[in-house]
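This report concerns only the one structure given below.
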Amino acid sequence: MEKIITTKDVHLYYGSKEALKGITLDFPDKGIHALIGPSGCGKSTYLRTLNRMNDMIENVKIEGEFKFKNQNIYDEKIDLVELRKKIGMVFQQPNPFPFSIYDNVTYGLRMAGIKDKRILDEKVETSLKQAAIWEEVKDNLNKNALALSGGQQQRICIARVLAVAPEVILLDEPTSALDPISTEKIEEMLLTLRDNYTCIMVTHNMQQASRISDTTSFFLSGNLVESNKTKKIFLNPDKEQTADYLSGKFG
């Protein structure tokens, strides 16, 4: 199966503290890929290396090989804006911009110089439909996105990412701040995206990982313990540490 992102021997240091200890992990094109492990294990830190979000943190040193479709993600000449369009990010806390739903979804398109209202209108409708929120907001696109519920705000943020045509969507615990109904809506929406996008999701919710992901990778203390098809990880893991974590012995 074709790999869209490959990482090899990844080390990351916060000052002198080593947070990632030689991670080698690849992601096949399309599907949902879960990163699991206890708090502080390095899964979110690793996720943020994939579109260079850790560049914003002072005193961070990153080593290893990172490739997106055989392009070096850490090439000095790479256009970070373009990279983050292709590898979008959805955060734990919904973070819509403080303006209308319409302007939130079209923000990236406008920044790219697209001004044709017909194109913008089409992108708004398509992206909101993909994010499973069109029916809830279609008659109120001028409403301030901050006035929406947390679950709706998160889906607006996902629509904003989708509008700029990413190939990979990184999701850092996208439902942990949401109620069960909102969580279910986002899970259902992600399942509809899996055939067209590569979704890489950090989650503390074991049931969520087992329900919707195709592959699962288990992190512990900055190490990658194992990675495999989700069914294999949950039913017959190779490593005792994985079995112990999934059975609730620690974490």
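Cβ coordinates come from backbone N, Cα and C, glycine included.
As recorded in Swiss-Prot, the features of this protein are as follows:
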type	residues	note
BINDING	GLY37, PRO38, SER39, GLY40, CYS41, GLY42, LYS43, SER44	ATP binding site
DOMAIN	5-246	domain 'ABC transporter'
Query raised in the report: Among the binding-site residues GLY37, GLY42, which residue has its Cβ surrounded by the fewest other Cβ atoms within 10 Å?
Result: GLY42
Report summary line: Taking the centre of the Cβ atoms of GLY37, PRO38, SER39, GLY40, CYS41, GLY42, LYS43, SER44 as the ATP site, the remaining residues of that chain with Cβ inside 8 Å are THR45, PHE219, LEU220
Query raised in the report: For the binding-site residues listed here (SER39, SER44), which one has the lowest count of neighbouring CB atoms within 10 Å of its own CB?
Result: SER39
Report summary line: Mapped onto three states, the DSSP assignment of GLY40 (ATP binding site) reads coil
